[in-house]
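Colleague: Take a look at this one; I'll ask things after.
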Amino acid sequence: MNGNNQDHGTAPPATLLKNAETHPKAIDEAIVSGDNIQMRSELDDLPMLQGLRLYWRVALISMLAAFSSALEGYQIAITNSIVSNRGFIRQMSGGGTTLNPTHVAVWGGMLSTGQLVGVAALMMWTDMLGRKWAMHLTWLTLVVSVILESVATNWLHWLFAKLLAGAGLGMMQATYPVYISEQSPTQIRGLLTTSYMFWYVVAQIFGPLALQQLHIRDPYNYKIPIYTQWSMLGVMLIINLFVPESPWWLVQRSKYHDAEKVLASSYKGVTGYDLKKELSIIIATVEHEKLVEAENKYQLVQIFKGVNLWRLFIAFWPKGMQQLCGQSVTNNYGTYFFQLAGNKDPFTVTIILGVCQLLGVLFTSACSNNVGRRWLTLGLFGSGAVAILAIGILGSFDYQSHELGSVLVFFACVSNFGVIGGAGIAYSYVAEIPAQRLRARTASIALIGSFCLGITFNYTVPLMLKVWSVQTGYFFGVTGLISFIVGYFVLPEIACRTPAEIDEMFEDKVAPRKFRKHVTQVEVFILEKDEKQKKKIERFPLEERQEFV
């Protein structure tokens with residue numbers, strides 16, 4: 001594939017990178033003229049554990065960035081649990097003993113609305129200002145929201161605090177998974193992207209635990225859980241200042257020297273890492289995308305056209321499956337659900353479900369490369385859909401009896417294991433499927449779609465539970481199974497694939513189900529290069545071959 005066919009798989013001559021530093025279109029011209037451009041590193045074929053040991057510094061940077069999601073999980077846990085605190089009830093009800101149900105519903109809906117607003121507001125800025133500035137804007141928004149929570153004295157103050165908190169959380173989801181994906185080497189990208197969900201779930205467990213202990217010791221004090229967020233914001237600020245800018249964004253903005261400095265620091269001491277070659281691979285991938293999209297001027301319009309629209313839908317669908325498989329029933333409104341189900345200790349059940357979520361995320365992290373993103377996503381969300389359907393079936397019997405009550409909790413555990421485990425992989429699709437030049441905006445729009453579903457279910461699930469109780473599982477069982485069938489046909493396998501390979505398969509219109517076994521031109525070049533090197537070595541006497549290995 002040479003000339004105007006734009007070969008995906010070949011290596012730049014030594015002068016190409018030098019030219020690219022002074023002339024951003026050098027690689028474009030090389031592609032058009034048929035020069036060899038390499039777009040996959042030989043190091044990308046290393047096993048995951050070996051890659052984790054080799055790239056420990058990059059893994060540490062990504063894990064630190066992922067820690068921000070702990071604040072997201074903690075914030076959501078507080079929002080869901082603080083409404084049962086006696087002091088909070090007394091303050092927000094004006095001295096009463098119960099909260100206005102309308103106020104509670106509006107708070108939950110406003111948090112999801114804020115997420116949508118935050119993503120939409122940040123979408124244009126994250127490409128212009130960079131990933132680090134997006135992190136700082138996210139942090140600033142969360143600081144203002146915690147200030148409002150700390151001084152709120154009535155339900156309206158709390159409403160505005162939830163709006164800003166939701167905006168900060170939405171900005172966080174649109175920024176950090178994309179940043180982690182762009183920082184991570186190919187073979188450990190799935191593991192590190194999933195770590196975002198790991199910290200989220202850990203915080204979801206500790207948030208209710210903190211409120212439970214506070215309920216025992218000081219049942220009218222609701223301020224302490226709010227104040228504890230300041231320590232997490234302090235850690236988040238330090239991390240934001242410490243982590244480097246994304247090298248992919250720097251190359252996208254033609255800041256090649258800055259990108260080289262980031263790579264030199266992040267991959268310092270990595271055996272076999274050729275800085276110039278690795279940087280040229282990033283440049284080649286970005287410049288190739290610019291060449292393909294050269295006729296399109298407006299990026300936002302490009303997202304909704306042709307193959308980019310297809311990539312947007314695929315990026316959105318796993319997050320859509322997360323909502324359609326019943327996350328709102330056994331997770332967001334888990335405490336309320338088990339109260340209606342007649343469980344006398346919903347708090348304990350909530351902790352058990354949190355542990356199941358943690359196990360689901362750990363399972364996802366361990367298997368994301370070996371099993372693959374596609375089958376892991378389908379298997380986890382599929383099990384969640386079957387479990388929520390089983391809960392609906394139990395609703396047709398005496399589910400409040402001791403025996404069926406235990407079975408109900410079991411299926412709720414399976415549901416949480418599958419849905420939250422699948423949510424970790426969903427972030428991989430959001431971050432990895434879009435083209436690099438459109439990555440931040442495509443990811444933001446995909447998240448907006450999932451937030452719209454979230455808002456819908458935040459308002460409707462309490463009504464469903466009130467009318468249908470446990471039989472609500474029938475609805476999400478059906479929608480979950482439908483989403484599974486759609487997912488089977490639209491979700492591709494992207495494990496251990498470089499951005500250039502993903503671009504190539506989409507450009508060549510490879511069917512999603514065939515991504516795993518498809519041999520790309522990027523891979524063909526590496527094989528041909530190895531074969532040529534082998535033949536070159538074989539021409540020399542045995543004692544002289546070692547220096548070429």
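Glycine too: its Cβ is placed from the backbone N, Cα and C atoms.
What you are looking at is a predicted structure, and each value in this text was computed from that prediction instead of being measured.
Annotated transmembrane segment per TrEMBL: 54-71, 104-125, 137-160, 196-214, 226-243, 346-363, 375-395, 407-430, 442-461, 473-491, in sequence order. What TrEMBL records for 61-495 is domain 'Major facilitator superfamily (MFS) profile'.
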Colleague: Can you name the far-off residues of the same chain, 6+ from the ends of the transmembrane segment (54-71), with a Cβ under 8 Å from a Cβ of it?
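Modeller: Cβ under 8 Å, 6 or more out: 43, 46, 135, 138, 142, 172, 176, 179-180, 183-185, 188, 192, 195-200, 202-203, 229, 232-233, 235-236, 239, 242-244, 266-271.
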Colleague: By Cβ distance under 8 Å, which residues at least 6 away from the ends of the transmembrane segment (442-461) in the same chain are close to it?
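Modeller: Counting only partners 6 or more residues beyond its ends, the transmembrane segment (442-461) has Cβ contacts under 8 Å with 105, 108-109, 111-113, 115-116, 119-120, 122-123, 126, 170, 173-174, 177-178, 303, 308, 311-312, 315-316, 319-320, 322-324, 327-329, 332-333, 430-431, 433-435, 472.
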Colleague: What stretch, picked from 137-160, 196-214, 226-243, 346-363, has the most CB pairs under 8 A with the transmembrane segment (104-125)?
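Modeller: Per the Cβ count, the answer is 137-160.
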Colleague: Could you name the stretch, out of 226-243, 407-430, 473-491, with the greatest number of CB pairs under 8 A to the transmembrane segment (375-395)?
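Modeller: When the Cβ pairs under 8 Å are tallied, 473-491 comes out ahead.
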Colleague: For the transmembrane segment (346-363) and the transmembrane segment (473-491), does the number of C-beta pairs under 8 Å, pairs 6 or more apart in sequence, reach 3 or more?
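Modeller: As far as Cβ distances go (cut-off 8 Å, pairs 6 or more apart), the transmembrane segment (346-363) and the transmembrane segment (473-491) do not touch.
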Colleague: The transmembrane segment (473-491) and the transmembrane segment (226-243): do they have three or more Cβ pairs under 8 Å, with pairs 6 or more apart in sequence?
Modeller: no
Colleague: Under an 8 Å Cβ to Cβ limit, what residues of the same chain, 6 or more beyond the ends of the transmembrane segment (137-160), are close to it?
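Modeller: Cβ under 8 Å, 6 or more out: 68, 71, 75, 91-94, 99-100, 103, 106-107, 110, 118, 122, 125, 129, 167-169, 171-172, 175, 223, 226-227, 229-230, 233, 236-237, 240.
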Colleague: What average pLDDT does the predicted model assign to the domain 'Major facilitator superfamily (MFS) profile' (61-495)?
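Modeller: Per the prediction, mean pLDDT sits at 89 for the domain 'Major facilitator superfamily (MFS) profile' (61-495).
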